[in-house]
Ligand code: HEM
Ligand SMILES: CC(C)=CCC/C(C)=C/CC/C(C)=C/COP(=O)(O)OP(=O)(O)O
């Protein structure tokens, strides 16, 4: 057992180390570094702070050597550990690819080649990272998984709670002062807008704008786009509350929502949602037509496609639904010039892949609730072990997508360091989730997911606007 844990730790550290190498290589900084250091294996010249390119190039080589040794130790530990054959096969694949990667790196450095070879160096780096992540996901499954979970085949929602006794613990409205009633109602409308989601989604749109505009962002575009975004999220959230009002009553987490408790009548909430959507469209329209079209698509996708079609019917609901959350990246990009660019699509890809790694933690924490609501969420239908494994898969995929984004743009070392450090923290939280399997661990991993994306997006804005 202790041996297996040592192997897990070493494997996770290797994956993070390889990622650090990949993301450093993918950034513009290392591209400059290629020209600064054309000798191999060591760089010629004094490695000092006044020569950052040389410092980065030497740091890359030193890290490659250290991670190489770590990878070797991990493979030896893994081959001796009582784990699954596919874990060992993945480790051997990583071990076989490592010297190829070193040779490619040496060739790129000494020939100063541009184009395909650096591209191949990046691709093989990502492949090595990918196989170590797979090995980690499969080993954690073997180490911490259980077969005795019984995924639910027949999902019928729990019976509706009896509302006739009216004993919900709330103070009767008649006992409140007018001021308290007005404030209470205003707060209820505010809650309909799902305000907790807004900061991160606004950061997504801000990063999309910053990637496309760099330092020539105008205050008007930023205000109209983020204002439209906040209103669009508010509208979608409101429609979601309206459409799920009955199911919300069956789940502890949502039973106190304003429409489920009849604090806000359905008709008023619907009018509020339509007004918010119209206001969002009015703002997006002033940005440009494509921003407005994408904004409307996001609202309809979340409110209708996700809430009504996907969420109650398929285990892939939140995977496909992640597309709605990824659209703000494109809205931000298109707000600048009415186009959709490759880097904007790559940013949307990061958000899309991050969404399951974010949400599956909550799906684990609220599994019983989702089951009571009759939703086919991953832990309910496929079990907790499978869900935890999928979190590792999607986390790995998110990190690879962040690397692709770095390679497509001129984002620098702040972005690279943020992605590697916070990616490492996120992975650490997910490893702990596998071991502890508690609600607390699931929330820790959920918060780590938000911290990863939040800081990554801030790093994009900082890299694009300031550095
Ligand atoms: C299908 C996709 C998604 C699902 C099912 C989902 C689900 C959830 C749920 C159930 C919550 C808890 C809300 C609550 O209890 O009030 C939550 C919180 C949150 N989500 Fe997501 N989410 C998704 C996508 C996204 C996206 C794309 C973003 C932003 C990029 C995002 C950002 C957040 C934030 C910032 C929070 C609040 C965190 C906090 O309060 O600490 N989510 N999400
Ligand atoms: C610009 C724009 C409109 C963007 C929309 C972005 C968006 C909808 C992101 C997804 C957020 C989401 C689905 C959260 C809650 O899930 P849930 O509704 O399943 O959670 P619940 O169980 O709390 O209702």
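Including glycine, each Cβ sits where the backbone N, Cα and C put it.
Quick look at what TrEMBL annotates:
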REGION    145-174  region 'Disordered'
TRANSMEM  62-82  transmembrane segment
TRANSMEM  89-108  transmembrane segment
TRANSMEM  120-140  transmembrane segment
TRANSMEM  197-215  transmembrane segment
TRANSMEM  221-243  transmembrane segment
TRANSMEM  264-285  transmembrane segment
TRANSMEM  291-310  transmembrane segment
TRANSMEM  317-336  transmembrane segment
TRANSMEM  342-360  transmembrane segment
TRANSMEM  391-408  transmembrane segment
TRANSMEM  414-433  transmembrane segment
TRANSMEM  445-466  transmembrane segment
Under 8 Å for C-beta pairs, could you tell me which stretch among 62-82, 120-140, 197-215, 264-285, 342-360 has the largest tally with the transmembrane segment (445-466)? 197-215
So which of 264-285, 342-360, 391-408 has the most C-beta pairs under 8 Å when paired with the transmembrane segment (120-140)? 391-408
Contact yes or no, the transmembrane segment (342-360) and the transmembrane segment (197-215), 3+ Cβ pairs under 8 Å, gap 6+: yes
What residues in the same chain, six or more past the boundaries of the transmembrane segment (414-433), come closer than 8 Å to it by Cβ-Cβ distance? 8, 12, 15-16, 19-20, 23-24, 26-27, 29, 136, 140, 357, 361, 364, 388, 391-392, 395, 398-399, 402-403, 406, 441-442, 444-445, 447-449, 451-452, 455-456, 458-460, 462-463, 467
Would you kindly check 197-215, 264-285, 291-310, 391-408 and say which stretch has the most C-beta pairs under 8 angstroms to the transmembrane segment (221-243)? 264-285
How about long-range neighbours of the transmembrane segment (197-215): same chain, 6 or more residues beyond its ends, C-beta under 8 Å? 221-222, 225-226, 229-230, 233, 237, 325-326, 328-337, 341, 343-344, 347, 351, 409, 450, 453-454, 457-458, 460-461, 464-465
